[in-house]
Amino acid sequence: MLAHDFLKKDERSFRPTSSSRSAWYFIALVVAKLLRCVGIFFIDILAKSLHVVTLLWLFKLATSALLVPLQKPFTTGKTLRKPTLARIGKLALWNCLIEVFWFYGITFCGPLRSVLIFELSPSVILIAIVSFFKNNSTTARTRGLFLLLVGFVALMLMDKDSSIEDEHNKSHAHHSGLNHLFYHVIGMFGVADHQGGVFILILALLLRIGYDTSFRHLAVELGGPKKLHSVVSLFSAVLLMPIGLLLFLTGTSHVDGWATFLFWVFVASVLVMVIDFYAEALCFQHVSDPVMAAARWSPVTMFTCALALAYAWYSGQATHAVTGGVIVTFVAFVLGTISLTSSNTPKSRGGHFVGLSDSGTPLFTHGEAFLQRTGRNMMLFVKETLREILANGDSRRIFYFLCVNLSFCGVEFLYGFWTNSLGLISDGFHMLFDCSALVMGLVASVMARWQATKITPTALDALR
């Protein structure tokens, strides 16, 4: 699913074909996403007993043990030559890096927060990036970009999950140098574990965008995504084997019964890495609008399921609790995903009735205020607004003073939170209200130079 699939296609609504199977395949995709969500919660439980890298290696072993005999990638289809195997090896290394970050993010900030971030569609992120820089971006996509930013900010500033800070080191068996490296990097920035996990998941999501593009290009050359997925899983298991075994032998584990533990590892790997992939592949083959189904409804389904599971799973617990920041992020991500995958086609709007002419004919205005207009991207809007502000002496002076005041306000807030100083924080709020008054003055200064709205001659005659 690439961004240009959305940018080139105008109609973005799910419309099943006349075949009844199309709707059933879509339902199968929804069910697979629900099962994947349950599997991610299993990962959080299993990671408390074993090192996350060793756990990921076991997941890859289970996945490849199931997919390689099923797909037979080395004996059927195109022959895998050395250059192709080298490209698959690079893709597998990329996949290992992304999923190591993903597993660490799950252990740091819990399954709900990991679903909200990592399960965002890469296509949705690409559309948001393109909408930021593209000149003819629609208002729906600009709104979607704003909602995604609100969701990320709420998850960083409004989500208080500090109970993980002290217990995470014990509950997840963090005794290796790799884990200490993660802790030192997070500790350098002075943030809580769950906030560090959010940063790690955002990094994994950005890496996943490039990985999905490379995967699709190589799958076309290799003979299909199923074959490539089985080979990548096998190569990933081989790449992770030395590190996984070393961490298992040198670290500590808290597994009570290996038979039961490996059974649940196999079940979780099937839910997360096998069923979900095959459901998406079937959806792309049989659903009338697969890009819409995968990019819009898959994240929305997983967000809703994860929120319900977290509410039931962690009800009455302090660890990974459902906070107000998580609720804000959930709402913002759902609305942002829907906005970014909405239709590109402008909707026609009727005119505004203003009266009747002398002959009894109804008159309507059809000026610019009543026409559907295409939204501008945020970057262009900021540039044009700054140019208009700096072009006038009064607005320029207000703007410069606003920047200085905001800078002092930001310094007071940051240092106040850093030192737990109520005086600095309260004075920061005081300066923030001063800044709001300056913003109102700046807006009034700019609006005073706007040209009057055009009205058609017919409407003017009717008003007279």
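For all residues, glycine too, the Cβ spot is worked out from N, Cα and C.
Those TrEMBL annotations? Automatic predictions, nothing curated.
Per TrEMBL, the feature domain 'Cation efflux protein transmembrane' maps to 398-455.
Taken from TrEMBL, the feature transmembrane segment covers 22-43 (among others).
Residues or ranges marked as transmembrane segment in TrEMBL: 49-70 (among others).
Summarising the annotation, TrEMBL assigns transmembrane segment to 91-108 (among others).
The transmembrane segment annotation in TrEMBL covers 114-133 (among others).
Among the features that TrEMBL reports, transmembrane segment is placed at 140-158 (among others). Through the fold, the transmembrane segment (140-158) approaches residues 113, 116-117, 120, 124-125, 127-128, 131-132, 195, 198, 202, 323-326, 328-330, 332-333, 335-340, 342-343, 375-378 of its own chain, all at least 6 residues removed from its boundaries and within a Cβ separation under 8 Å.
Annotation source TrEMBL lists transmembrane segment at 181-207 (among others).
According to TrEMBL, the transmembrane segment annotation covers 228-249 (among others).
With a cut-off of 8 Å between Cβ atoms, the residues of this chain six or more beyond the transmembrane segment (261-279) that come close are 28-29, 31-33, 35-36, 38-40, 42-43, 45-46, 49-50, 55, 58-60, 62-63, 66-67, 225-226, 229, 233, 255. Per TrEMBL, the feature transmembrane segment maps to 261-279 (among others).
Annotated transmembrane segment per TrEMBL: 291-314 (among others), in sequence order.
What TrEMBL lists as transmembrane segment is 320-340 (among others). Within its own chain, the transmembrane segment (320-340) is flanked in space by residues 6, 44, 109-113, 116, 120-121, 124, 127-128, 131, 140-141, 143-148, 150-152, 154-155, 157-161, 163-164, 295-296, 299-300, 303-304, 307, 310-311, 314, which lie at least six positions past its ends and keep a Cβ under 8 Å from the stretch.
Residues or ranges marked as transmembrane segment in TrEMBL: 398-418 (among others).
The transmembrane segment annotation in TrEMBL covers 430-448 (among others).
Most Cβ pairs under 8 A with the transmembrane segment (22-43) among the ranges 49-70, 228-249, 291-314 are made by 291-314. With a threshold of 8 Å between CB atoms, the same-chain residues lying at least 6 positions outside the transmembrane segment (228-249) that come near it are 50-51, 53-54, 56-58, 60-61, 63-64, 67-68, 70-71, 73, 80, 88-89, 91-93, 95-96, 99, 176, 178, 215, 218-219, 222, 273, 277. In the domain 'Cation efflux protein transmembrane' (398-455), the DSSP tally of helix, strand and coil residues is 48 helix, 0 strand, 10 coil. With a cut-off of 8 Å between Cβ atoms, the residues of this chain six or more beyond the transmembrane segment (49-70) that come close are 43, 96, 99-100, 103-104, 106-107, 172-173, 176, 178-179, 226, 229-231, 233-234, 236-237, 240-241, 243-245, 247-248, 251, 253-256, 261-262, 265-266, 268-270, 272-274.
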